[in-house]
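One structure below.
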Amino acid sequence: MNIDDLLLTSVACKGIATISVDRVDFKSQIAHGDLVRLEGEVVSTGSSSLAVQITGYRHDIEAGKFVHTLSAIMTCVALDKNMQASPGLPKLMDPTDPEYVNKHQEIAKQRKELAARWRGVQEAVDKLPHVSVDMLKTCNYGRSLVVPIPDTLIEVQNSFLPKHLNRNNTIFGGEVLTWMDKVALYCARNFTKNQNMVTVSMNRIFFKLPITMDDIVTMHARVSSARYFTVANLDRSYRMKQISTGLKVDENDQESMRTLLKAQHRWLFDDQEAKLLNLEPLSLSTPNAASKL
């Protein structure tokens with residue numbers, strides 16, 4: 001993600017800041033020492049914002065080729081020297097296939113509409129006078145233990161170093177995202193009492209304010225059923241394993257009830273978003289690169 005920030009700066013000919021990671025889906029695991037390639041393409045632009053599609057490939061040594069490993073969509077904003085949104089981004093064009101640009105602009109419009117509906121549903125939950133059990137779609141998975149949501153809370157503090165700074169003298173979004181992933185994984189491991197867990201997707205990560213090197217940042221993570229970071233529970237053979245711990249449903253704890261209901265709505269929106277963002281993976285810019293390794 002840090003590399004993407006630098007590349008987008010050169011494309012936009014302006015300062016660039018990541019404002020959201022709309023969606024990241026991991027198709028397969030990436031291990032320490034793996035060789036990974038990222039292909040990126042600007043798929044839509046607004047007055048000062050641009051959406052970028054990213055496709056990740058991991059080099060499979062046994063197969064001798066790069067295999068599709070991850071897909072992501074992120075949104076960035078162009079900045080002026082005063083760190084304010086800077087309009088005037090160039091329009092996208094494809095002389096060989098004009099419909100390609102039109103298609104992605106239409107998808108961007110639908111994404112914006114879906115995001116507005118998502119915010120509306122989340123705000124509607126906050127306005128409910130009372131959230132009852134019958135509003136939740138609960139499933140009995142035969143779990144042996146249920147835990148209140150507040151008991152799953154993990155709080156971690158961190159500060160950043162000069163090496164984490166981008167050209168805007170703020171912290172790279174990628175550094176923050178990496179830290180968030182670590183905290184989310186620890187929260188999940190603490191909940192399941194299982195070390196073998198991996199992040200399989202994340203969505204709607206918003207960077208509302210910049211973080212500087214002088215800031216002390218506090219991160220909160222809790223299990224909410226779904227969906228900002230989705231973590232898979234695995235056994236020692238790295239096969240999917242059922243989670244034996246569940247979340248307690250208690251109408252006397254209205255804050256937790258709202259959290260559960262919001263998570264339920266996010267799950268439904270995630271299905272819609274997954275269909276909308278089902279873009280074809282970007283091709284390798286140098287397909288024969290594997291043969292040169």
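Positions of Cβ are set from backbone N, Cα and C atoms, glycine also.
The domain 'HotDog ACOT-type' annotation in TrEMBL covers 1-82, 150-273.
Secondary structure of the domain 'HotDog ACOT-type' (150-273) per DSSP (helix as H, G, I; strand as E, B; remaining residues coil): 46 helix, 32 strand, 46 coil. Computed over the domain 'HotDog ACOT-type' (150-273), the whole-number mean pLDDT of the model equals 88. According to DSSP, the domain 'HotDog ACOT-type' (1-82) comprises 11 helix, 49 strand, 22 coil.
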